[in-house]
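Record features (Swiss-Prot):
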{"type": "ACT_SITE", "residues": "336", "note": "active site, proton acceptor"}
{"type": "BINDING", "residues": "8-11, 22, 81-82, 135, 149, 164, 221, 308, 325, 339, 350", "note": "UDP-N-acetyl-alpha-D-glucosamine binding site"}
{"type": "BINDING", "residues": "102, 221", "note": "Mg(2+) binding site"}
{"type": "BINDING", "residues": "353, 359, 360, 378, 396, 413", "note": "acetyl-CoA binding site"}
{"type": "REGION", "residues": "1-223", "note": "region 'Pyrophosphorylase'"}
{"type": "REGION", "residues": "224-244", "note": "region 'Linker'"}
{"type": "REGION", "residues": "245-430", "note": "region 'N-acetyltransferase'"}
């Protein structure tokens, strides 16, 4: 049977204490809503997102990343709350899976289990060791009898450890029957989706529980929750890649975003940070190095190196305290203390310590092109735009301001002046 997915993302998220919409806060490089839609698309091609607070900002982001997502603006003035969120939706399929926009850890393989259960309502349940503060889900004979808030529970009900995880599968006819009957007769004056449980039970509908893992169904309501969710996702990402053969030294100190990919045999040392759409192929990333939106192939990076976006590094050694930005390096050695930005450097070239590509004049960025088998001496400044042909030797301390032809030596130094006995005269010593 086909089914629809509805994602509730209309909430204000005041506990996040941020001007950014809650569902756009990132986990492992992507907003929470991205993770949820990505998993939902694995099980359904009919996805609707319910919006209200900062709706246009959220909608704009989703439309940029995904095709075919429908949007409904909640009538929050007249129908606030989770029950009000579903009032104006046309359901095209016979089953509707309702997800929350602040549950980025949910996985498609778990959601598929909802569909396999034959019931009018499938209610997600978490078994908690300490359910204090949560309403309890009372189950008898494999059926949900009712949900009771902690303040209303008796001693027997308080002993129950089952709590509502907040994800539901409804049959279409049930929603059409009971959504109009919801009332806002409560302290918050909101329409609650959970009230449908009691209405359905009164009319003899079947309500089945599905026990789900807590670490997938934890909501993110604060920056603390956000940090905890990222820890869980980091563990998933690193576990996956280690199972694929990536070596990670002290993996708890390594940070890998969700779009990072590995090929071949790779090793990451402690403190490595990999961000964005980065590809690491048959390479060794040494301690405390950062790679962002770049490709590293058959290379050694670090320790303490920074590879900034749009860099392509192949068969190269990038050493400690070297920064590379928007550059292509093929067969290059840059051992230490250099900045290589907007540069193309070919094989066999050695970059000495303290080399700087001066790529910005205050108004625009310019290219530095270095050919094959070039030796760049320490403390060299390359004033872009500039082109260095093959087989060039650049002496230490040189400032290169014009193109250098093949096979040449480039040197620019102030002559060394030695003043004898100056130390003694300056300090007044004999």
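Positions of Cβ are set from backbone N, Cα and C atoms, glycine also.
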Could you check which of the recorded positions 22, 325, 336 is the closest Cα neighbour of residue 396 (acetyl-CoA binding site)? 336
Rounded to the nearest Å, what's the C-alpha distance separating residue 359 (acetyl-CoA binding site) and residue 149 (UDP-N-acetyl-alpha-D-glucosamine binding site)? Just drop the number here, would you? 64
Would you mind sorting out which of 102, 336, 353, 378, 413 (the recorded positions) have a C-alpha within 10 A of the one on residue 221 (UDP-N-acetyl-alpha-D-glucosamine binding site)? 102
Work out the three-state DSSP category of residue 22 (UDP-N-acetyl-alpha-D-glucosamine binding site). helix
I'd like to confirm something. Which of the binding-site residues, 8, 22, 82, 149, 325, has a Cα closest to the Cα of residue 353 (acetyl-CoA binding site)? 325
Quick note, residue 22 (UDP-N-acetyl-alpha-D-glucosamine binding site) and residue 102 (Mg(2+) binding site): C-alpha atoms separated, nearest Å, by 7
Report the largest Cα to Cα distance, in Å and rounded to a whole number, among the residues 353, 359, 360, 378, 396, 413 that the record lists as binding acetyl-CoA. 23
